[in-house]
Amino acid sequence: MAGELPIATPLPTSPLAMEYLNDFDLMKFDVKKEPLGGRPDRAIRQCNRLQPTGSVSSTPISTPCSSVPSSPSFSPTEHKTHLDDLYWMSSSSYQHVSPEALNLTPEDAVEALIGQHQMPPQLQGYESFRAHHHHHHQNQHQYQGVHHEEMGLPHHHPHHHQHQHHQTSPSPSGSSSSSQQLHHQQQHSSSSAVEDRFSDDQLVSMTVRELNRHLRGFTKDDVIRLKQKRRTLKNRGYAQSCRYKRVQQKHNLEGEKTQLVQQVEQLKQEVSRLARERDAYKIKCEKLANNNSSNFREAGSTSDNPSSPEFFM
């Protein structure tokens, strides 16, 4: 209908209700201003009109039909959801509508639904008019888990009160996370104080007996943490020394290898020189042997000749 317009209600906490509100589009409705009087038959038809099963009218009725809303059907075996509570609260609160609430625009209704703290001027009179009635239903359906200190606060506005409830009411997960963070901060401060007392060099250089004597009076967790740090530092020092020794040994082996390669080259050169000398001596020996054999032949031929002077002597 053109004259119907949804009125802002506090946002529910049920996921199903939030999904319903997110999927509901208010921009498709038009606002038509018309006088309140002169159409009593229209108000009667609105009171007698039946709504479909499972649907909830999100528009206010211009003329209140009854001061007491119709109570929903109750069944012992029926599980009442938060969405049904929302429907019942919405239908009961819309019975008392101020005439000023009809001068609204879709933008004002959207701003009221998304939870703006600055309410439109048209809604302020309506909200102050139904504050007490809405506070009664909110105490029945939504504020069962609120502490007594929070319930004692003055109720200025239903929407503001709901935001304050969500901001100030401590949840179990939030309290547990805050206590865990405080515990971790205390542990970190105590461990940092113990670790700052001893330097890394002192932890490594001290013996176990000296360390136990210095750790008297500390908690068990601090002692275990400090000993674990000392063990880590010693293992790190051992690893660094082993790495240094390994690198140094590698350099030494590489230097020895270079020297041995040079010595091998020198020995090869010496062998080649000796081989050349051997060949030269062998050639010289062969030449001497050939000369001796030729001289011996010449001497033998002269001794066999009878005409030589030596033959007669």
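One is the number of the first residue shown, and numbering goes on along the chain from there.
Cβ atoms are placed via backbone N, Cα and C, with glycine included.
Note that the structure is a prediction, hence the values are computed from the model and not measured.
Positions annotated as compositional bias 'Low complexity' by Swiss-Prot: 55-76 (among others).
The compositional bias 'Basic residues' feature in Swiss-Prot is assigned to 154-166.
The compositional bias 'Low complexity' annotation in Swiss-Prot covers 167-192 (among others).
Residue counts of the domain 'bZIP' (225-288) by helix, strand and coil are 64 helix, 0 strand, 0 coil (DSSP-based). Sequence annotations record features per position, and here Swiss-Prot assigns domain 'bZIP' to 225-288.
In the predicted structure, the region 'Basic motif' (225-250) carries a mean pLDDT of 91. Residues annotated as region 'Basic motif' in Swiss-Prot, with sequence analysis given as evidence: 225-250.
Annotation source Swiss-Prot lists region 'Leucine-zipper' at 253-274, citing sequence analysis.
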